[in-house]
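Read through the structure below, which is laid out as structure tokens, and then see the notes.
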């Protein structure tokens, strides 16, 4: 309703609910900002949350704690809404913190699984690193600007020291890197697939992982005056989207492949932010939510149909006749992810890749070809998922296939998302026409739209389709299992987990042990009750009695 109001009156709706704190000249307001950016994000948040709740009613129907699950999922939707519609960074940080905490509860919902508990711990610890950088940014906002609301900061940004803006941009980028699973703080996203599939469909496709991108877009007035950081954002997105595609092409867990595709698409959004195309980034977020949630739901339908609930695609095969609607849903979502013309992904994804070339800079050219490589890999692993799951020869026993079936109540929300995955892309001009975020010197939309040669626009599509056909041919006629060192390198996720554990985690634990021994317990031994009692034992009792005598009789 609010989006329709905004489009009718062409002005944002601000609702002031009062002030939280008034300390000197620092005023922290409490209010809602229902502008075009917030409303564009609220549409997928609301629709996908509703579909996931309907889907979870059947998916979790046999779980004894299902009512708790529904409550936690609903509370998550509330705090995600607070994050999106807040009019200042403090209120946004509250939503940011709570969606992180609730994601821990949802990932570890099946608490009897050790892998799920470890995954939840990894998620909250890595996100806590991002929260730390966000808090540092809040401290700079309060100490330097004496304000945290978006309107005041956007007016002050053009007149602010460039060093301050660069530091703020870096802190917000690091916070977004953790929340949106960019390279360096991405390990938690794959491990989070241990949670229930409805959690993956909501948190790790449409809402929570997009929060980092949303914060960067909302902070456009800071990023626009920090051009050196924009280049860094571009390269972070380019490397992440390429690495995630290379890992996905050799991953066998169906949910982890989809999670890696989420990581890749988030990197495409980060690339758009790096070239100041904030409208394209938020529009891709808007479109991506629908077909990625559909992809997770389709995968959940496949997993739920197996007795063992296995996620290994090598144990699937021949399911096109057993799960026809799940096949249709995954097919449409995969084609949209591959940016096939006529589907939602084509209208939001390819224009970002074209815009990289449209910057006409050396970095833009390199990042364009990196993004084309990522788009090609996206087509390859999408076709690989379809082939191994539905077209390949059956790889499970007869009893498994006798019990495979689809549930009609799980299909209803998927039908809604199928419609959105096909038609929502036609609404592009109506959505992005309401943004005016980037500085004129940084805007490359006109060059992208009117000056690029045709082969630059069609290169991702041509490479993706041709190599996908080659992949199908290899699987049908020339497939041999010959793991190489390159295969093992990417199959082990570029050994990032081992590097993180051995270089950072172990050293941090040792350092924390020293701090606990010498600082925490050490202070207690010196200044606490133990230290006082030990000091008293060393005082001569005669001196103590003399002091008491002097105190009482000679005062």
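Placement of Cβ uses the backbone N, Cα and C atoms for every residue, glycine included.
Features as listed in Swiss-Prot:
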type	residues	note
TRANSMEM	37-57	transmembrane segment
TRANSMEM	69-89	transmembrane segment
TRANSMEM	90-110	transmembrane segment
TRANSMEM	133-153	transmembrane segment
TRANSMEM	155-175	transmembrane segment
TRANSMEM	197-217	transmembrane segment
TRANSMEM	230-250	transmembrane segment
TRANSMEM	287-307	transmembrane segment
TRANSMEM	366-388	transmembrane segment
TRANSMEM	406-426	transmembrane segment
TRANSMEM	494-516	transmembrane segment
TRANSMEM	534-554	transmembrane segment
**Prompt:** Between the transmembrane segment (133-153) and the transmembrane segment (287-307), are there at least three Cβ pairs closer than 8 Å, leaving out pairs fewer than 6 positions apart?
**Reply:** no
**Message:** Is the transmembrane segment (197-217) in contact with the transmembrane segment (155-175), using at least 3 Cβ pairs under 8 Å (sequence separation of 6 or more) as the test?
**Reply:** yes
**Same-chain residue ranges lying at least 6 outside the transmembrane segment (90-110) that approach it to Cβ under 8 Å** = 20, 28, 30-31, 65, 69, 72-73, 75-76, 79-84, 116-117, 119-121, 123-124, 127-128, 131, 134-135, 138, 148, 179, 192, 194-196, 199, 203, 207-208, 211, 215, 218
**Message:** Considering only Cβ pairs within less than 8 angstroms, which of the stretches 37-57, 69-89, 230-250, 287-307, 406-426 has the most against the transmembrane segment (366-388)?
**Reply:** 230-250
**Item:** Best-contacting stretch, by C-beta pairs under 8 Å, relative to the transmembrane segment (197-217) and drawn from 37-57, 69-89, 230-250, 287-307
**Value:** 287-307
**Prompt:** For the transmembrane segment (287-307) against the transmembrane segment (69-89), do we get 3 or more Cβ-Cβ pairs below 8 Å once near-sequence pairs (under 6 apart) are dropped?
**Reply:** no
